[in-house]
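Take a look at the structure below.
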Amino acid sequence: MSHAAARHPIPHGYAKAHVSPEDYRARYAESVKDPETFWGREGRRLDWVQPYTRVKNTDFTLGKVSIRWFEDGVLNACVNCVDRHLPARAGQTAIIWEPDDPAAPARHITYAELSDKVNRMANVLLSQGVMRGDRVVIYLPMIPEAAFAMLACARIGAIHSIVFAGFSPDALANRINDCGAKLVITADTAPRGGRKTALKSNTDAALLHCSDRVRCLVIKHTGDQTTWVQGRDVDVLALMDQVSPDCPARPMGAEDPLFILYTSGSTGRPKGVVHTTGGYLVYASMTHQCTFDYQDGDVFWCTADVGWVTGHSYIVYGPLANGATTLMFEGVPTFPDPGRFWAVCEKHKVTQFYTAPTAIRSLMGQGPEWVERHDLSSLRILGSVGEPINPEAWAWYDKHVGKGRCPIVDTFWQTETGGHMITSLPYAIETKPGAATLPFFGVSPAVLDAASGTVIEGNGVEGVLAISDSWPGQMRTLWGDHQRFEEAYFQQYPGYYFTGDGCRRDEDGYYWITGRVDDVINVSGHRMGTAEVESALVAHPKVAEAAVVGYPHDIKGQGIYAYVTVMNDVTPSEELRRELEGWVRTEIGPIAKPDLIQWAPGLPKTRSGKIMRRILRKIAENDYGSLGDTSTLAEPAVVDDLIDNRMNRG
Ligand code: WTA
């Protein structure tokens, strides 16, 4: 990525855009100078049962971090995503569902039908004893029932926590137990790319490690045979037919939790990020509308999975709060062929397409002919999320998918931030390939010196990215552990929310995200804590010690590189390598499988026993010429062996 990257001017001739260049400047200035007025006005984009009188009450002071928005307001998120669009949009499609199998029929769910399904599912939850504040774990594939389940929880004030369907039974059990879920909603099996994942049997395995009071609600999606535990398992669709289609929505406080979403941090177990009702929904709605310039009649497609935050904010909550038509895709970009994304865009006349750089890179490798055989003239705006987009992928996306006429929004944000933080806005902020560009309304970025924490002013500077004031979509706490929340995000640089990312502010004041500066890696846009993979590896009886780092990977962005020290009486072998790969798959899930495993007789440690990850990263990057100072190592010879046997010689 170079500073000199070409500028991509704002396309002309689009007069209707939600934000113009002048608007952006004026409204941004107001949003950071007078957030009360700015957000007080924006909050009214939602319907409130009882309007708020207090807009912002936030404090980043270590020891008393507290984040509250619209705190005395009362509302219901489901009403805002469903009921309030009736009757005007009753016949409009809310959700287009495209199944894995291209020959199977797509579903078009209108707002009226959405309302019916969500009310029924809410009544099913009530019939199972779910009450306000209870936690419900959702372990579902990309089917409309996942959205129904989220909204049904919101309707009755239950807190949902979605676990990505690619996670293993162990990972599912840990999350069920951590949040103390009363029930889990799953499906029989999940087809993806022509293959099926046995979600129900995964759930059965997970529930062996949970309280026997946890109930299991099953969506019979494929109709495949599964085991059935009488008294515990419930057939959701059958019950939905029996219950009433009316379920009163529970009035909720703006600061009542809406959902918990587990994400990886640099240390320890996954963290339960808590988002609340009012601020999150205002922010998801506004970012969806402005970043994608969503207009009535558009068909919006975010290719993420609902198991990640991107799916929460930009498949379900943002679009539905805006009365949009949102597309949900069950499959993968390469099934039945690498033209599937474009076939779906053509079939459903998609206007906004939002995906991850890793998907673009993998499709780029298949050649442009897969794109060119489809009519993509409906596309108006393209988006990117999850990791920095390299200029080659950007240029390919622009040329072959956008035909040079669709603005590309590169959206930087995190599970913790609820919605976009730094992004261009179509027709308002001119882009540069690889730059996230400028902050969204209400976001105050600061570039800090990593070591001292001092603010680096001016342009043409580099450091770490922190945010100096709160915005409505910010996470409020970690489930059950407010102290860990403060330590993880506010301790390192007092007075700031620390993103964990490095960044550069160029000569024009544009922000370029340079990647994580902590022990979090980003594999195919999926966030992974190296500590999680390490603890899975050392749980294997033949492993004595393990250290995991990321390394540059052409398609995935980063790959997982594991250094493994085996027990004294064990001889490393190909068979053991495969065994460890399989082991990590079962402990966490397929996305955590190491790409490279190097047998390490020893790991480089300081005399106090701390693993020197900096050195391991360099060797994994095949950049061992610049190892820096190794004089503090307890056994410098260890490094020579690691270099000689390095796995990445590319
Ligand atoms: C990275 C995903 C560069 C970043 C929404 C962040 C990005 C982490 C971008 C959050 C982008 C996300 N450019 N890097 N446009 N978007 N990231 O929580 O390192 O799964 O901290 O949220 O992804 O990942 P998460």
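Backbone N, Cα and C atoms are what each Cβ position is placed from, and that goes for glycine too.
Any TrEMBL annotation is an automated prediction that lacks curation.
TrEMBL lists Gly386, Glu387, Pro388, Asp410, Thr411, Phe412, Trp413, Gln414, Thr415, Asp501, Arg527 as ATP-binding residues, and of the candidates Arg380, Arg516 the one it assigns to that same site is Arg516. Among the recorded positions Gly193, Gly194, Thr310, Val538, Val543, Lys610, residues whose Cβ is positioned under 6 Å from ligand 1 are identified as Thr310. For the Mg(2+) site, the Cβ centre of Val538, His540, Val543 serves as reference, and the other residues of the chain with Cβ at most 8 Å from it are Ala536, Leu537, Ala539, Pro541, Lys542, Ala544, Glu545, Ala546, Val564, Leu580, Trp583. Under the DSSP three-state reduction, Val543 (Mg(2+) binding site) is assigned to strand. Counting in whole angstrom, Arg585 (CoA binding site) lies 14 from Val538 (Mg(2+) binding site) by their C-alpha atoms. When the recorded positions Arg192, Arg195, Thr310, Ser524, Lys610 are ranked by how far their Cα is from the Cα of His540 (Mg(2+) binding site), Lys610 comes first. Of the binding-site residues Val538, Val543, Val543 has the largest number of other Cβ atoms within 10 Å of its own Cβ. Every protein chain shown contributes to the tally, and the Cβ of Ser524 (CoA binding site) ends up with 20 other Cβ atoms within 10 Å.
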